[in-house]
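Let me begin by presenting the structure, written as structure tokens, before commenting on it.
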Amino acid sequence: MWLLGASWALALLVTAASPGPSADPLDGASIFADLSAAELRAVRTFLMERPELGLAPSHGGPLAKNSLFLVELLPPPKRAALRFLAKVGRRPRREARAVIFFGAQPEPNITELAVGPLPRPSSYRVLGLKGGQSVPFWARPMTHLEYELLYEALVVALAPLEPLLREATGFGFQNCSKRCLTFSDIAPRGLGPGERRTWLVIQRFVEGFFLHPVGLEVLLDHQDTDPRRWAVQQLWYNGHYFGSVRELAELHAGGTLPLARLPEPPARQLFSSYEPRGQFFTRTPTEVHGAKVCEPQGRRYRLRGNRLEYGGWSLAFRLRSSAGLQLFDVRFGGERVAYEVSLQEAIAFYGGHTPAAMQTKYMDAGWAMGASSYELARGVDCPETATFLDAHHLLDADGPVRFANALCVFELPTGVPLRRHFDSDFQGGFHFYAGLEGRALVLRTTSTVYNYDYIWDFLLYPNGVLETKVHASGYIHATFYTPQGRRYGSRVHSHLLGNLHTHLVHYKVDLDVAGTGNSFETMDIRFENISNPWSAGSR
């Protein structure tokens, strides 16, 4: 995704250290705590100073370079962690997981390293894959540098189409000021191993640009590490395929190309904007506050570093840069019920008539959905009473980046009694009534993976129930409307198709109920036809 000069880390983020809570080294939860800004900086400094790695800064320079892409905590082995938590083993060695792009060597690849011990690293080792396989360089995630180069290559390649784009949309790539075009890229980037070619959806750069495709999609091959060898392979415009930019430009110049003319976007109340507008049919007032969460006698949960305690619950948590929230050492009533409950992956499969739509199969951990945890708004994303926590990530950057208020914790009335009973005397009265208010503690973060905003919750209930929940918000991944597209979605605006798609969210759940040697079974019910023991002849 290219956002016309927007910083990769966005203007909301700063690189200063956070004054937020730090893990208590005497608490067992600290072995699962995310790396601090100082630890992230120490790992990067150590690796940058290793001459055999030959690392260059992440920003700038060529693609064919060795660079540090990601640093995050490498959790300790489970056996060592359990021995330490049981106070029968020593504290596990604290290490970082570092992902390095080795692009400046005869066989470019992606390599993961374990770096430690922290906080003062002095050695590293390779974290190999099963079977000794390596991750090829063409399979790497996108970086800020590659997006910059992709945008520059696209602007040059589409220059002959500027008259077409201006006439049909009123927007362009050349000298566009406030009437510019942008693009969204999709994945996977090809149809087989070794490919790195991406369909780019061209859009008007207005608020909610995800909903403003102009009818042009471009297949750009960027497999080579030299951007001068990148090339447009195909184009799709208004329902038809074209073999080259020149072919499409000549058809337009000759007046034989059916144009997809788009109306001028309004200056205010654009359909894709978040500008409040309209009234409810019932005249429910919108200018006054609705219900709010309050804590009349203060907070009932306790946060100590990355240790969270509430009712019978106690757990450690972290926000993993690559994939998001993880819970460790989850206990209820003092007994461990799970060693780990964590988000692993979010996948979305799309269908459509346009090439970008039919090719889209997003795997959001590959877009670092854990590091897409931007600031939460008090009173909207979380109640005003919530506790907010910062996070630090080192992803495609030359130092740790602080994400302010990336997580929140709050107690929430459920609006439903935890349990209740009205004991009627069946004579218009009752023997007793008893009930317990329903409440839950919520640990929340979000992932804004370009168009989608995922809201991730872990909820702790006082009766021993732990719930995971995800809400999908933001913008739909939409494509340009054509009559043929109706087979694969719904027309949601004049030139817009909401494509059919499926979301799959994957969690890791390592239950340790009654110890680590347990097993998990499912039970099915079947009907049994037997003689009725108290009524002869009945079944």
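Placement of Cβ uses the backbone N, Cα and C atoms for every residue, glycine included.
Feature annotations, reproduced from TrEMBL:
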ACT_SITE  Asp364  active site, proton acceptor
ACT_SITE  Tyr452  active site, schiff-base intermediate with substrate
DOMAIN    39-123  domain 'Copper amine oxidase N2-terminal'
DOMAIN    140-240  domain 'Copper amine oxidase N3-terminal'
DOMAIN    292-528  domain 'Copper amine oxidase catalytic'
MOD_RES   Tyr452  2',4',5'-topaquinone
SIGNAL    1-17  signal peptide
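The 10 Å shell around the Cβ of Tyr452 (active site, schiff-base intermediate with substrate) contains 22 further Cβ atoms across the protein chains shown. Other Cβ atoms within 10 Å of the Cβ of the residue listed as 'active site, proton acceptor', summed over all protein chains shown, number 23. Applying DSSP to the domain 'Copper amine oxidase N2-terminal' (39-123) sorts its residues as follows: 18 helix, 28 strand, 39 coil. Straight-line distance linking the Cα atoms of Asp364 (active site, proton acceptor) and the residue listed as 'active site, schiff-base intermediate with substrate', rounded to a whole number, equals 10 Å.
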